[in-house]
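Asker: Submitted below is the structure of interest, expressed as structure tokens.
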Amino acid sequence: MQIRLTVLGPRSGQSCDVLVTAPTGTALSAVAGAIAASAGTGQPARSGAAVALYAGTERLPANAVLGHPPLVDGAVVALQAPLGEPATQPSEHTPRLKVVGGPDAGGVHLLHGGQARVGRSAEADVPLDDPDVSRLHTVVTVDGDRMTVADLGSTNGTALDGLLVGQRPVPLHPGELLRVGASTLELQLPRQVGDDAGSPPPTGRTAVPDGEGHLQVAAVATPSPPSAEVQPAPTPHSGSRAMALARRLTSGRSAQARELQRLAEQARALRVRYPDPAEVLLAALGPGPRLWGRGAEHPDALTVRLGLADEPVPAVPVTVDLRDAGVLGLAGAAPQARAVARALVAQVAASHGPSALELVLLTSGEDLADEWAWLRWLPQCRPAQGQDCRLLLGLDPEQQQRRVAELTARVGGTAPRRPTVVVVDESSGRPVRGELTRLYERGAAAGVFVVQVTAEPERLSPTCGARAVLTGEVAAHLDVTLPDGTVVPEVVADGVSTTWAERFARALAPLREAEGPRPRSALPDSARLLDALDLALATPAKISARWAELPTTGGAATAVLGTAADGRCAVDLAQDGPHLLVGGAPGAGKTELLRSVAASLAAADRPDRLALVLIDGSGDGLWICTDLPHVCTYLGSTDPVRMRELAQALTAELNRREQVLGGRDFAAWQAERLLARSRDGAPAGGADGTGGPARTAGPRRPRPDPAPAAAREEPALPRLVVVVDDFDALVAPALGSPGRQSTGSVVRALDAVARRGARLGVHLVAATGRPERTSGGEVDEQAGLRIALRTDDPASSRLLVHVEDAAGVDESVPGRGYLRRPDGSVTPFQTGRVSGRIPRTATLRPTVVPLDWLRMGDPPTRRPVRELGNGPTDLALLASALQRAAESADALVPSPLV
């Protein structure tokens, strides 16, 4: 279990984000001392019982359980003192005054009775950061069930549904719009929530704690809006303050009055359809019925509200569909532009769940990073497509280039991905690094939509399909150009503060979409490779006994993949291959499967009869397998010189084998040689069962060879398996890749292995994350064994195993895949994990680690896998046992290729 908390230090007011890692059910007392130390008090960590921690005004007991409310992801805990004053619990009929539009929108203020003054001053009961609002602008009075409003002599006046309000109180009814300065307020009673046509029912959603720091929220689809034929949107026509005019005219006696009344009702329905920031906040705090109600098929998916316009009637929402715009440009004074951008991002985060939306931030400078720090709590910012980061952020040039490269890699692809909204904030004047032009021009076709924020309209991209430019002395209004070219002037912009955004994001932080019941499967959700190998206790003696029982006709090439419905799932490269191609989406488990293949091959035969060559096309996922004594060569993709050397060495090895075999098949040659040795009295499975040694592994020294001299002079020829991760990164290397200039030679050498290796005892096991890039190549054509782990689309699954099943694999089950054999049969299986901790040492000690927001976009700091958590991994255990077994058997390791 991992939860993120913010710790407030005593009296200092300084805060620190921490990551708490602990087993499920851990009590707060186990980490309270470490939490206190993280607050920078300068005091050593004390026992949990001696540390006072508060959630709000309530002191947390020492036996409070981590992962259960209030100690969930995103929670704030205060050290030694309560946080704030005790709040009065409102009744179900407590009226609310919502700030539904303007530069400081989103506030929800409870009216408990008496007077509530609205103004720009700190003395106001409802403070508004709006330059057009007077220090004390207007007053709302609650007297029982009667509510009134009166102006306090403000400079810019007060209007109620378009009618000016003087200093004499006038009745204020729920649903009426109160305009003060550039801000719009609305009175609401909780019992009125949902009474509007087309609005959801006034019931909340159940958030069920999962004990892991999250709250599971069941999916609720928001009803589709009425069709345009039934309820068209208001359209501009002559006249202003139309609502006021309608009130002056006698209802039913004037056609113009009836038309204006109809338009006013439609404007009200549109405000329900496109909720204001206050409703967005309430949906997150509830959680309310509107939360995460729009999926990809919803007609209002990715439609954002920019503000309110007063034509043809007051308070008509002005919206932009990002799917039509592609790029939405937002320009103007930096603070106000960022306030509008915050409101836009909050809208899409509230209406689209993590499974339906991905959010990416690109910006430069610590000042702007602080403005966007609230994004760290949004679940939509967490990587779910295999991105190498902890949050989808680009806050410095290196992070920006990584995020842009990840996004542009989707351009031109056919795989369906969840929509992504990218915020590019260049309002400080510092440009964002990376190839943004391609993203602007072609991103929308790949489901990538951009909100570009700049200080000057001239710096907006020419590809912007919609523009919103702040105007006026205080930048409170927008001139909006819609995707169809329509210009809507004088839109009162919706903006929210960073404080509002932080509260909104923390409300979403612990929420997770509840998964429906998965179809029952005969396969487990996870499997352990050592169990499938019958090596739960991997000892040197057990492995040595297994090797001693091997047949003398040749080295084994059996790779255990994991567990199938009827037991162990395994392939024989010699009989079924000769080569194996693995494919799948990022995060599907390709690298772990390759590790398991390498480990199971090593367990299947001695290192002098089977050797491994490991190649990482990108990253270093296979490096941890180098402890296996069978590994003679490892190659990363960052050294072009060594890459060329390996390509040459692989080709030379194939030629050498051709010469040694002399036209014979590898298996036949090996059987003949072992038979000849057995006739001479040498042990067929002995130290030199495949020829003289080239080098020893570790401290081993060769013993005198009892075989005849003629046999000793024959060169070593073990079975050779070349394991390649990220083969697609070699076929189509990324721009700027250090080894880009040498990847071609490596690919040609691997093609030669695929083409010639079967007869020479050389096998290829390759993994690709982009099957369309490697399809039709030599490796693809020669792979008799094929595996599809989870894929992003049915087409990729068909390319790999000729069926679409892999596209339906659940993301929550990494390692689930389909094996296609040469006879066309397809078998589902669960990969046997080998990089996990040994079960008996898997108990975690609780830890508390500070988090740096600015570094969340960096690749995660990875601990060595052989010492993952608090104990060694299965792979480390197996490698140690294999090394000792090889030493006791004098099984000598072949020379490295380079």
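Using N, Cα and C of the backbone, Cβ positions are placed for all residues, glycine too.
Remember, TrEMBL labels are computer predictions, not curated facts.
TrEMBL feature annotations, pasted as is:
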- Gly584, Ala585, Pro586, Gly587, Ala588, Gly589, Lys590, Thr591: ATP binding site (BINDING)
- 116-165: domain 'FHA' (DOMAIN)
- 566-798: domain 'FtsK' (DOMAIN)
- 191-210: region 'Disordered' (REGION)
- 678-714: region 'Disordered' (REGION)
Asker: Specify the count of other C-beta atoms within 10 Å of the C-beta of Ala585 (ATP binding site).
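Answerer: That number is 25.
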Asker: Mean pLDDT for the domain 'FHA' (116-165), rounded to an integer?
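Answerer: Across the domain 'FHA' (116-165), the average pLDDT comes out at 94.
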Asker: Far apart in sequence but close in space: which same-chain residues, 6 or more away, have a Cβ under 8 Å from Pro586 (ATP binding site)?
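Answerer: Spatial neighbours, sequence-distant, of Pro586 (ATP binding site): Gln385, Gly386, Gln387, Gly769.
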Asker: If you draw a 10 Å sphere on the Cβ of Gly587 (ATP binding site), how many other Cβ atoms land inside?
Answerer: 16
Asker: Counting each residue once, how many in the domain 'FHA' (116-165) are helix, strand and coil under DSSP?
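Answerer: Taking the domain 'FHA' (116-165) as a whole: 0 helix, 24 strand, 26 coil.
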Asker: Among the binding-site residues listed here (Gly584, Ala588, Gly589, Lys590, Thr591), identify the one with the smallest other-Cβ count within 10 Å.
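Answerer: With the binding-site residues Gly584, Ala588, Gly589, Lys590, Thr591, fewest surrounding Cβ atoms within 10 Å: Thr591.
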Asker: For Lys590 (ATP binding site), what is the secondary structure by DSSP, using just helix, strand and coil?
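Answerer: Once the DSSP labels are grouped into three classes, Lys590 (ATP binding site) ends up as helix.
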Asker: For ATP, what surrounds Gly584, Ala585, Pro586, Gly587, Ala588, Gly589, Lys590, Thr591 with a Cβ no more than 8 Å from their Cβ centroid?
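Answerer: Neighbours found: Gly386, Gly769, Leu789, Arg790, Pro814.
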Asker: Look up Gly584 (ATP binding site) in the DSSP assignment and report helix, strand or coil.
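Answerer: Its secondary structure by DSSP: coil.
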